[in-house]
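Undergrad: Okay, so Swiss-Prot annotates it like this:
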type	residues	note
BINDING	C10, C13, H14, M56	heme c binding site
Amino acid sequence: SGAEVFGNNCSSCHVNGGNIIIPGHVLSQSAMEEYLDGGYTKEAIEYQVRNGKGPMPAWEGVLDESEIKEVTDYVYSQASGPWANAS
């Protein structure tokens, strides 16, 4: 599931939708609208997962296609729900 992929690969930096490396670049909808190339869209989230940026590594070739899709969907859904007020 997307939650499992996130927990196993992303949560060390993005615990509860936050960001321990770059404060402010959290995984809330409003924050992603500001800093993510393409804004808060599944396409923009997937691009970031695949290619990385700055200190975030690229996950293409590490995660398989289904894992990339699952974690993209998970981040997208959490961003406007439980992580809406992430800091």
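The backbone N, Cα and C atoms fix where each Cβ goes, glycine too.
A quick note: this is a predicted structure, and the numbers were derived from the prediction, not measured.
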Undergrad: Neighbour count first, Cβ atoms within 10 Å, every protein chain included; then name which of C10, C13, M56 tops the list of binding-site residues.
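TA: Its Cβ has the most other Cβ atoms within 10 Å: C10.
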Undergrad: With an 8 Å cut-off on Cβ distance to the C10, C13, H14, M56 Cβ center, who else from the chain surrounds the heme c site?
TA: S11, S12, N19, I21
Undergrad: Have a look around H14 (heme c binding site) and count the other CB atoms within 10 A of its CB, chains all included.
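TA: Its Cβ has 21 other Cβ atoms within 10 Å.
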Undergrad: Across the listed heme c-binding residues, C10, C13, H14, M56, what is the farthest Cα to Cα distance, given in whole Å?
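TA: Site span for heme c, by Cα atoms: 10 Å.
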Undergrad: So, in DSSP terms, is C10 (heme c binding site) helix, strand, or coil?
TA: coil
